[in-house]
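Visitor: Pasting a structure below so you can have a look.
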Amino acid sequence: MIIKPRIRGFICVTAHPAGCKANVEKQIEYVTAQGAITSGPKKVLVIGASTGYGLAARISAAFGCNADTLGVFFERAGEENKPATAGWYNSAAFEELATAKGLYANSINGDAYSDAVKQKTIETIRQDLGQVDLVVYSLAAPRRTHPKTGEVFNSTLKPIGKPLTTRGLNTDKETITDVSLEPASAEEIEGTVAVMGGEDWQMWIDALLEAGVLAEGAKTTAFTYLGEKITHDIYWNGSIGEAKKDLDKRVLTIRDTLAAHGNGDARVSVLKAVVTQASSAIPVMPLYLSLLFKVMKEKGTHEGCIEQVYGLFKDSLYNAAPIVDETGRLRADYKELQPEVQDEVSALWPTVTNENLNQLTDFVGYKKEFMHLFGFGLEGVDYDADVNPDVKIKNLVQM
């Protein structure tokens with residue numbers, strides 16, 4: 001079939017296999033050009049491995065550290081006349097390219113929150129890798145079924161304490177709008193923490209440790225975002241922020257557990273705002289990112305997922321002098337938070353109108369990166385060609 005982009009709200013409901021492969025290849029080329037991280041991990045588990053920061057971590061591990069990788073994700077396969085999700089095509093491309101390099105690259109497709117997927121992951125590590133020395137936790141999901149109680153929790157993006165009206169960008173209509181959000185209820189906050197907090201990360205590490213498949217001295221990291229004033233009401237001070245604060249609490253227990261296991265370590269890693277399927281759903285983010293791109297590109301400091309994560313591996317995760325803050329978090333977001341960047345974004349924020357949107361912001365760049373997530377708009381791809389949407393992932397365990 002000929003696959004074209006079909007956008008509904010903040011999501012593109014189609015994805016292009018050749019375009020997704022080109023996007024993965026582009027990220028691999030970047031990592032390869034940077035050179036090897038000699039002290040890096042050798043056997044890596046990435047939970048949430050198919051898109052965004054999780055995919056970038058898998059690429060950085062394989063092509064930056066020559067590591068064997070096992071990826072866990074929840075994606076939909078393609079059919080004869082229906083495209084797969086972008087994450088499916090990304091993972092198929094990654095596996096093909098990593099295998100061609102002589103690396104182990106297997107995947108498990110299923111609900112990472114479930115005990116069954118944890119058990120299958122443990123079996124696979126035991127059988128194929130023996131042990132893993134790095135666990136990257138990069139899940140973003142709208143809901144979670146608790147594996148012990150069966151209770152279903154939903155995650156929400158809402159302010160806390162009072163209603164919020166803020167500027168936003170309607171990406172469909174390309175207009176500046178006011179976005180009003182009611183505050184989250186106690187139940188919604190609890191649900192968001194249950195989905196996006198640190199409990200599942202802790203469950204993964206406990207299960208891997210108990211099964212004996214975590215190498216001595218193993219490291220683990222989960223990703224977070226702090227941001228600055230513009231995003232604080234909806235993000236850090238909102239329902240999602242409560243979940244991220246839960247990560248900060250739970251990492252202390254995980255760190256102690258791993259420290260006792262051959263001097264291992266656990267860190268929350270703070271990454272910059274980027275265009276991902278998750279971030280495009282956050283009301284202020286498209287406008288904030290469009291402004292941030294403009295300012296950071298002018299300063300020559302713009303970075304996407306792969307630049308951020310490769311930098312995190314090289315400068316912090318596998319560096320004797322990591323970039324850490326006073327709470328012990330690893331920081332890769334410092335270029336975004338430079339006062340001159342934030343001051344400029346804050347000054348431009350209230351002045352953007354429908355008329356000057358493309359002059360004051362890099363909305364064009366935002367749209368381009370958004371389309372790239374789904375494999376569209378990449379150079380060298382023939383989008384008028386007939387392609388088979390049913391791409392197989394060879395080394396896949398389907399749960």
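Cβ coordinates come from backbone N, Cα and C, glycine included.
Reproduced below are the annotations present in Swiss-Prot:
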- 48-53, 74-75, 111-112, 139-140, Lys244, 274-276: NAD(+) binding site (BINDING)
- Glu75: site 'Plays an important role in discriminating NADH against NADPH' (SITE)
- Tyr225: substrate binding site (BINDING)
- Tyr235: active site, proton donor (ACT_SITE)
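In terms of burial and nearby residues, how do these features look in this structure?
Guide: In the three-state DSSP classification, Val275 (NAD(+) binding site) falls within coil. The number of other CB atoms found within 10 A of the CB of Val275 (NAD(+) binding site), across every protein chain shown, is 24.
Shown in sequence order, Ser50, Ala84, Thr85, Gly87, Trp88, Ser91, Asn109 are the residues of the chain, 6+ apart in sequence, with a C-beta less than 8 angstroms from the C-beta of Glu75 (site 'Plays an important role in discriminating NADH against NADPH').
Around the Cβ of Tyr225 (substrate binding site), the number of neighbouring Cβ atoms within 10 Å comes to 22.
A coil conformation is recorded for Tyr235 (active site, proton donor) in the three-state DSSP classification, outside any helix or strand. Cβ neighbour count for Tyr235 (active site, proton donor) (all protein chains, 10 Å cutoff from its Cβ): 25.
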Visitor: Between the binding-site residues Gly48, Phe74, Asp111, Leu139, where is the Cβ count within 10 Å the lowest?
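Guide: Comparing Cβ neighbours within 10 Å for the binding-site residues Gly48, Phe74, Asp111, Leu139, Asp111 has the fewest.
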Visitor: Provide the number of Cβ atoms within 10 Å of the Cβ of Gly52 (NAD(+) binding site), excluding the reference atom itself.
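Guide: A 10 Å sphere around the Cβ of Gly52 (NAD(+) binding site) contains 26 other Cβ atoms.
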Visitor: Tally every other Cβ atom lying within 10 Å of the Cβ atom of Ser50 (NAD(+) binding site).
Guide: 25
